[in-house]
Every structure is written in C-alpha cells, then in structure tokens.
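**Q** The structure follows.
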Amino acid sequence: MSKFTTEEIRSKFISYFKANNHTHVSSSPLIPHNDPSLMFVNSGMVQFKNVFTGQEKRPYDKAVTSQKSLRAGGKHNDLENVGYTARHHTFFEMLGNFSFGDYFKEQAIYYAWNLLTKEFELPKDKLYATVYHTDDEAASYWKKIAGFSDDRIIRIKTNDNFWSMGDLGPCGPCSEIFYDHGEQIYGGLPGTKDEDGDRFIEIWNMVFMQYEQINKDTRIDLPKKSIDTGMGLERMTAVLQHVNNNYDIDLFQEIISFTENILKVKVEAEAKFSYRVIADHLRACSFLIADGVVPSSEGRGYVLRRIMRRAMRHAHILGSKEPLMYKLLPKLVDLMGNTYPELKRAESFISSILEQEEIRFKTTLERGLKLLSEETENLNAGGRLSGEVAFKLYDTYGFPLDLTEDILKNRNIAVDHQGFEQQMLEQKECARKSWLGSGESKTDQLWFDIKAKYGSTEFLGYNLNEADGKIVALIKDNALVNDISEIDTQFLLIANQTPFYGESGGQMGDIGVIKTQNCEIEVIDTLKYLGFIIVHKCVLKKGKVITDENANFSIDVKYRQNLRIHHSATHLLHAVLHQILGKHVTQKGSLVATSYLRFDISHPKALTPEEIVLIEDKVNEIIRDNHEVDTTLMSTEDAVKQGAMALFGEKYDSEVRVVKMGETSLELCGGTHVRHTGDIGCFKITSESAIAAGIRRIEAVCGEFVIKLIREKEGLLKNIENSLKTNKNELVSKVNNILERNKELEKELEKTYLASLDLSVEQIEKQAEKIKEIKLIYCHVENLDNKILRQAAENLTKKVEDLVVVYVGNNSSKLSITVGISRAITDKFNAGFIAKELSLFLGGSGGGGQPSIAQAGGSDLAKLPKVKDQLQSLLDA
C-alpha cells in the first residue's frame, strides 16, 4: 500500500471522478446559503440540497467536491472531544461524489471499490461493507464487484444505515465502507458491542437516495434516483499514511511541529492534547474568518469565539504569554492556501482578527482562571460548579460555558447547566420579549403558499418607471383577502409584474402610486419575500381595491434616481476599497438609501484620514470620467472568470446580472443603477467607525446631498465665526489662542486644587488618624482629575515617613481611588494591593500601580460610606 500526502489524496480523488465525467464543483463557503436549519455546512451534500429535492437545476448530473465542513454548534457539536480523541475535529474536509438522476447503486459501489483498491492500493482483505438490513440489492453488488462473502457484508438495522433529509422528502439506505487497522488495536466490527473501538474505522459512506417520504406511513420510489457520498479526508489520509490517529497525519504534524518550534515545549504527555486542540482550532478559526465570520457574542460569531478561546486557553497551558494563533497562520496558508485561495486573499485580515481576539481575551483569562480556582478549591472529583459562578465567568470574564467545562474536565468536576441557563434567561428576558414582537416573517407558510399559487413577480423596473399589471393577491393582518375598502388602512399587494423594486441587496424598496379604475393607492415601501415575490406595502387613499383587477404602477422617479445614485456609488466604493486597502476587504452589509449609503466591510483597523482622502479622490475621479454603466446577463461561471465580485454567502442563479462601470468595477448585482458614472455627481464620506471586531462601517453621501452637506458645514462655520466674533481667515488663529489660554487657566486651576489638598507636616500630624504605627489621611473629593489626586498624594507622602493617603473621587457617577504610601513603610503596606481591594469593594475590576502610588476605579456609589471601614480593616490586617 503506497503512502500519499493529504494534498495528493484530495487531488487524486477529484481527478478520478473528473476522469469519470463528474464536474468538479468548488467547495461552498462554511456558511449555508438561505438554510436556517444549519449553522454551518457540515457535509458535502449541503450545497446540492435543492438539486436533490428538484427545486434547483444544474447544468450537470454528476459532481465531485472537496467540501469545507465544520461541526461545532447545535446537533453536530464535537467541540469538547476535539484534541482528546483520534478522529474528532471542528473543521474537516469531506470528499464526495454525487449523481443527480444519472448512475445509482451498482456504479457508485464500483467507483468506490475501484478507487480504494486500484488507485489507492488498499488491501482488499482490510475492507468491509455495511448495508441497510433490507437492502439486498446493495449486498448483491458488493458480492459481484468486491467479491465479498456474507461475513464481510454487515447488515445494520438501525438508522445509522438509513438516511433522510428530514421527516418528509428524499431518503434512502446507506452503505458504509470500513477499514481494519489491525488486531493490535482494540475494537469490533459495526453492530458488535465493541464497535466504538478504533480498530474498524468508517472511511466512506454512500447514500442511495431512492425514496420519497410522503407522510409518516407512506414512502414511494423517486422517479430519479440519486447518489450522495462522503469520505472524510483526514480519516482517509490516516489510513493511507499508516497511522491510527488523524492528528498524526502530515498536515496536522506540520502545524504541530511549527507550533512546537515557537513554544519550545515538547509534544508529549498532556501537552500533546493542547497541541492537537490548537492545530485543529487554527483551521476552523481561519476558514471561518476567511468565509466572513468574525468573533461576536451571538450566533456564528460566538461559535467562532468559543473555538478561538478554547485554543487560546490551551496555548496558555503550554506557557504562551503572547498571542500565538496569528503566528501559526502563515504555516496553514502554506499548507492549504493553494487549494483554498480564500485563505491567501484574507490572510492579513485573518491574522489581525486572531491577534486582536487573543489580546482581548488574555486581559481576562488570568482573572477568570483565578476565580475558577478559588471557587473549585474545595470541590472534589464528582463535584459540581454552581451555575451562578459559571455564568459570572461567561458574563464578566468571557469564558464560554464549554470552556469552563473543558478546564474542569480533567478534575472530573461538572457544571450546573440548569443554574447557568437560568441566569442566562434572566439576563436575556427583555431582549427575548422584544424579539418575540418583531414584525412579520418573510418565511411564514403564507408566503410559500402564495409563491406556489401565483409564482414569481416579474420585475420591469430596469427599463420602466411606469407599467400596467394585474393585482393577484391582497394581504391584511397576515391573511389573504379579496378586497380592501377602508381608507388609510395598511395592507400588502402583490402583482404579476411591477416596476417597483423590492428591498434587497441593500437597496431600499421603491415608493410611488398604484391606480385602478376604482381606487388610488400610496405605496410606502416595497419588499421582496422568498427572493421571488415583490410585495408592495400600501395605504388605500381612495376607493376600493379588488384582487384580479388591472392597475397602473408608477414609481416615484426622484426617489428611485437617488437610490440609483447611491447604489452605483456603493459599487465604486467597493472597488476602490479593494485597490487602496487590499483584497481582504469583503462586503459585510450595506444600505442604499435615497439620501446616503452605508457600507460595512471586513477590515482590521480604522481608516486613516489619508486613506479616506485617497478613497474619496479615486471614487470622484471615476465619477468625473463619466464611464458608461453596462449591465449584462451571463452565466455565473463566466462572470466569476471575468473577475466579477460576488457578495459573500449570496447564492446566484445559473444566469446572473453583471454590472460594469469602466475598468474599475465589475460586480454581480440585481439592483438599479445610473446610466453613466457621471450621473452620481460627487461622493463624500461622512463617517467611518467600528461596529464589531474587524468590521468597519463607512457612510457617505452623493450628488445633491453632498451640496446639502457643504451648506450645513458652511452654516456651522458661520455660526462659530459669529460666536467668536472673527472671520474664516482668522478663525484658526482665534481658536488656537483660546486653546492656549485654556491650557494656562487649567494649569492655574491645577495649582489651586493642589494647594487646597496640600498640608504641612504640622497639619498632617494634626489631621491624620493614627492606626497602629502609621498615620492615615482619608478624603472624599468631588470632580477632581486623577492626575491632581496622584500628585497630591505623592506630595504628602514625601513629607512624612509613616503616612498612608487615600483619596476617593466622585466624578460623573464614576469613582476613582488614589492610594499613596510613604516609601519608608512600603515593605509593610502596598499601595497597589490596597487600591485593588478597594476597587473590588466598590464594584470595580481591580487596579494597580507601584508600591508607593496606585490608582483604580469603582462604580458602586452606595458603598461610599463604608469605604473607610474597609480601608481600616486592610490596614489592621
């Protein structure tokens, strides 16, 4: 049996099926498109789901893929096992071949057997097959093609060997291929009591999609039978590299060795588990970020954060004091970047996000671990950490629940899940109630029924501002009605065709008027449901509207033109950002309104003023060049080949609309645009800010709204001139003079404040409270700067050798603590310790400084009267 590299195995699998007339389909992103049932793509068939159900047609009937997959949330959550078992991963690659109504069982089994035994040269006596217990047909093909005797074909009665897409829909029996790693390894054949051992490992699963489940009692034959197969690349590589643990294959070993060279800790004993966790999680984090996910406190972003923080905690175990993950990224890009070029394109962005998140977490990791250690100090094996503490670790220190569980795993201490969930529910109750009342759902069954009955709405608005159409449906209070007669009532209207653009792709929907012989309707918004149905949000102004009557649809042309202007400007902005900031920039969201545009991008840091000017200048240059805006229909494949930018995670039909603006912008888009770039007029960025880690938001205005902005700025400038009694030529000089005078006054005020706090030696002796062998001056002050309080404390402690000075300041509902200690007694009392303890007492997070001077903060004003008692107890200790 030959030994292959991971890359060779992937390539050989794809080449084999391409040679057998399969179309090589690239891996889809890890984020499923329009599939709320899945958080992440977890198998090769996900991107073909609608093909199997007949909802989508592809220009091929056989396919081969190497699909990026991830299991770390929901039903498929392998996170807690990753690194500790031989085959659990968060990120993995699933090799697969698929047939959509072409070949079936016999050919699928032949392809698999031929590839394994001839191309990969696996010994035939090492292979076994399972079939569903009633699938005599598959068993007969295994006998015919592989020459298997009955004892090599294992019949399985459970649903492990029968697959279904859901309660209803396509389904069918499975056949799995198992490899025998040898009797030196514990484990039994599938179906035996020892089947969970590591000796017999499933390497390929074939699903024979031959039935459709109509209801719980009825299953019929599908008119076109299909094949869905999956082979885990990491498992297959372990077999072909003669190892029994996936983490021992070349790809993981290279990452682990690279990490070991950085950390200088040997890969042995308990450390090997941490190295495996880091290697696995590096892949998951990097591919998630490359596919557009960034760390956040909810949804996919929170799963990413959980994975990242678990890896960071294991880096901490290995003694890493500095951010580590981003240092490993170049090795991963070197290993996998050619196969998945998105890694190369987004490398700088991934690196920045990894580093930022690790820096952020390291600030709380130590404190969280300290709290966990204190809370479990008296817990023995079999004990349980309270849900309240687990929630505090989550809420205050950023510890995901499964990270806390992972830390306690080796000590056999459990976590009170119920208590944790109760704390979580209490915190989220208000948000949950708000969410439950959030409007109409675009996925209500009503809309599926409407689509099935009336089909898609034809959009006429690319070329027409006004058109006739037929009203096919009226909806009021989430129900279909035949007519609407109450004046000023709101309702939804659907037509067979319309020039109104339904909100999608970031572009707001049109407004306008609909008229029939019997009524006049104001359209206050236009939406798009299910991607196909254009829905007019209406108010009846006159008469009575009835279904099935003809109507005239007329958009507000001025409103639409401003939408066109800002939408086209968004395309130019996107293209220019690529030029100036880099190819890692991807669109994370947008809003095209009539008076402004908003554009969210993946970028690790704030744009500099110089970058903003460069972006504005380049966009305006393209506008002035007055390029023609061309729109062309072409295949998605041709569009991508020509370099058209597509929105991340967006799914496109086989034929797409491509919008081209000069040689700068080429983008897939279904929105409405200007005829020439000059129609935009001009472009001005109004703000740039962060909305999440690694996500920047740019807002801008175009055309007449730039003129409006200039006039507003001029008006503001004039008001300032009038207030300062100057003109624009002398304004800067006047402001600088005022600022200089302010600085002088602040210095004088600072001296005054310091003088008010200063005490002579005699005054100190008289006012200080004596505690044992030291003197204490404690003072509560209002609205004084921390710098002044620090200087005052230092001044006093230099005058007397046995003095402790504590100022507690109250400034805008925030508390500050300043502790000064004479150097002669810092061997007995530490200013940093006292400041930290007082901060914690006042609801702060601690603080610190030098033994002789330290500052910290607090927030609990109610405890102010008890601060002195707390201080005295610290000094008495």
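We count from 1, first residue shown onward.
Glycine is treated like the rest: Cβ placed from N, Cα and C.
From Swiss-Prot, here are the annotated features:
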BINDING   H567, H571, C669, H673  Zn(2+) binding site
**Q** Can you see whether DSSP assigns C669 (Zn(2+) binding site) to helix, strand or coil?
**A** coil
**Q** Tell me the coarse DSSP state (helix, strand, coil) of H567 (Zn(2+) binding site).
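**A** DSSP assigns H567 (Zn(2+) binding site) to helix.
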**Q** Are there any residues at least 6 positions away along the chain from C669 (Zn(2+) binding site) with a Cβ closer than 8 Å to its Cβ? List them or say none.
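**A** Counting only residues 6 or more apart in sequence, the Cβ neighbours of C669 (Zn(2+) binding site) under 8 Å are G505, H571, R657, V658, V659.
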**Q** Just to be sure I understand the packing, how many Cβ atoms besides its own are within 10 Å of the Cβ of H567 (Zn(2+) binding site)?
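**A** Step by step: centre on the Cβ of H567 (Zn(2+) binding site), count other Cβ atoms within 10 Å, giving 26.
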**Q** Under 8 Å Cβ-Cβ from H673 (Zn(2+) binding site), six or more apart in the same chain: what's there?
**A** R564, H567, S568, H571, V629, T631, V659
**Q** List the other residues in this chain whose Cβ sits within 8 Å of the Cβ centroid of the Zn(2+) site residues H567, H571, C669, H673, in sequence order.
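**A** Other same-chain residues with Cβ inside the cutoff are Q507, R564, S568, T570, V629, V659, E667, G671, T672.
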